[in-house]
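Novice: Got a structure here, written out as structure tokens. Questions coming.
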Amino acid sequence: MSAGGNGAGRTGVNHNSGNSNGKDHKALGGKKGGTGNKGNTAAASARDIALDILVKVEQQGAYSNLLLNSSLQKSALSREDAGLVTELVYGTISRMNTLDYVLEEFVSKGIAKLQPWVRNLLRLSLYQIMYLDRIPSHAAVNEAVNIAKKKGHQGISGMVNGVLRSVLRAGDLPVIPDGLSPAKRISIQYSHPIWLVKRWITEYGVDTAEAICAANNEPPAVSVRVNTTMISREALLSQMIEQGLQASASKVSPYGIVVKGGGNLALSSWYRDGYLSVQDESSMLVAEAVAPEPGMRVLDCCAAPGGKTAHMGELMKDEGSIFANDLHPHKAKLISDQAARLGLETVVTGSADALELEHTLEHHSFDRILLDAPCSGLGVIRRKPDLKWRKQPEDVASVASLQGQLLQSVSKLLKPGGVLVYSTCTTEQTENSEVVAAFLKQNPDFTSITFTSPLWGRLEGTALAEGEGIQLLPHHYGSDGFYISKLQRVL
Ligand SMILES: C[S@@+](CC[C@H](N)C(=O)[O-])C[C@H]1O[C@@H](n2cnc3c(N)ncnc32)[C@H](O)[C@@H]1O
């Protein structure tokens with residue numbers, strides 16, 4: 001891959017990285033104190049591992065999350081150093097455009113001509129210098145030079161040393177010249193591919209495009225959904241606060257709790273005992289929009305791993321039936337495991353192409369249908385920074401075509417008066433309101449229904465035009481970017 005480019009061709013990750021310190025960049029030399037790794041031997045091996053992963057991601061299109069998992073399992077790193085590897089990998093991938101832009105200024109022959117490991121060593125080291133307050137810049141430079149000495153000849157370590165020391169002398173970076181187009185400036189400053197920035201400018205305007213990109217560089221908050229069949233939000237919140245967690249009620253969802261510094265809550269006894277599920281706040285809105293009632297027949301067309309299925313089961317107080325379908329047979333177990341953990345007996349799983357359900361399902365009269373469609377995922381870049389480099393405009397168009405077919409097909413399974421919710425975790429209207437508008441044009445027996453309060457009262461500011469659904473963007477509430485539309489069969 002061209003080093004100066006956008007890294008297209010990288011494959012995806014799925015993680016909760018906390019990939020930056022939340023600043024857009026830090027002034028060189030303006031460091032905060034901290035307890036982080038100061039560049040000892042263990043940190044050197046953390047950097048070796050991070051470098052190896054970055055090279056494989058760039059050169060072989062490897063999945064960084066899978067490589068991270070396997071590399072960390074094989075290593076004997078402390079928890080702190082494993083955290084450093086994770087941060088270095090995701091942070092460097094996330095800030096790639098900005099890092100490359102700066103490096104181009106200092107590498108006389110251009111970074112594309114460097115050996116992959118040298119290019120990635122410079123990126124990784126610059127990431128520490130620019131974005132990690134807790135690592136002193138001189139430690140980042142020294143470690144880079146040590147690695148360069150181990151892996152290459154003296155000329156290379158001298159070049160690495162020279163480039164990074166020049167960067168340190170240069171002060172506050174990146175220096176972005178006046179006169180760039182807004183798309184180019186945002187692309188460099190917030191490290192996003194220019195096609196995507198241009199697309200967001202066209203869809204939402206310059207200010208919103210910039211706000212989306214800035215929010216995408218923030219570490220995602222941890223939020224959990226309370227299983228209200230077992231405990232109230234207030235009671236769980238009190239337990240969490242008693243145990244010293246920084247927990248607060250979600251402003252987005254009445255079922256959500258936002259937790260800071262609580263570690264991985266999927267390892268907690270609350271999770272094990274079925275009191276909570278880890279879920280982004282925006283995803284919690286979907287079941288609320290479906291509003292299934294106890295006793296109803298519900299179809300979840302693209303259900304794995306089952307987060308929204310389970311939430312619907314909770315809202316139905318486990319009375320009625322939910323058929324939770326996903327294309328991939330191996331994912332059915334993920335759904336049934338969730339349902340079992342949460343004590344939900346009404347969930348039945350199936351594995352079929354949702355396009356075929358109209359031919360294979362015996363009953364065609366569901367009260368509620370959820371189509372949480374496969375999508376480009378461009379609303380979840382905070383969690384999966386690889387996505388922004390991997391996706392191309394044509395991916396948006398091709399998934400939109402599938403979404404339209406899925407909506408058309410599953411709509412046949414809804415009974416008159418029933419409600420169908422269409423949702424995605426993307427910011428792109430090609431996949432969202434345009435899919436819905438095309439569907440409504442073709443299907444006069446369906447209408448778009450407006451959301452009702454209390455959900456509406458909380459989210460009115462995210463509404464698109466009348467009847468086009470709601471579009472949460474990452475900067476609105478710090479959630480994933482998410483689209484929800486509610487349709488009803490009127491005849
Ligand atoms: C956005 S995810 C669903 C997330 C899920 N609703 C949840 O809340 O946990 C989309 C799912 O659609 C599934 N999928 C993709 N194409 C499909 C198809 N043609 N039919 C059924 N499922 C499909 C994928 O396997 C994936 O699990």
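A Cβ is built for glycine as well, from the same backbone N, Cα and C atoms used for every other residue.
Bear in mind that the values here come from a model prediction, so they are computed numbers and not experimental data.
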Novice: Given that TrEMBL annotates C302, A303, A304, P305, G306, G307, K308, D326, D372 as S-adenosyl-L-methionine-binding, name the residue from D353, D386, D395 that shares the site.
Specialist: D353
Novice: Name, in the order they occur in the sequence, the residues of the same chain whose CB lies under 8 A from the CB of D353 (S-adenosyl-L-methionine binding site) and which sit 6 or more residues away.
Specialist: L327
Novice: Can you give me the Cα-Cα distance between A304 (S-adenosyl-L-methionine binding site) and C425 (active site, nucleophile) in Å, rounded to a whole number?
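Specialist: Their Cα atoms are separated by 14 Å.
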Novice: Could you measure between G306 (S-adenosyl-L-methionine binding site) and C425 (active site, nucleophile) for me? Cα positions, answer in whole angstrom.
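Specialist: Spelling it out, the Cα of G306 (S-adenosyl-L-methionine binding site) and the Cα of C425 (active site, nucleophile) are 15 Å apart.
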Novice: Around C425 (active site, nucleophile), how many other C-beta atoms are within 10 angstroms of its C-beta?
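Specialist: Looking across every protein chain shown, the total is 25.
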Novice: For C425 (active site, nucleophile), what is the secondary structure by DSSP, using just helix, strand and coil?
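Specialist: Its secondary structure by DSSP: coil.
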Novice: Which of the three DSSP states, helix, strand or coil, fits K308 (S-adenosyl-L-methionine binding site)?
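Specialist: DSSP assigns K308 (S-adenosyl-L-methionine binding site) to helix.
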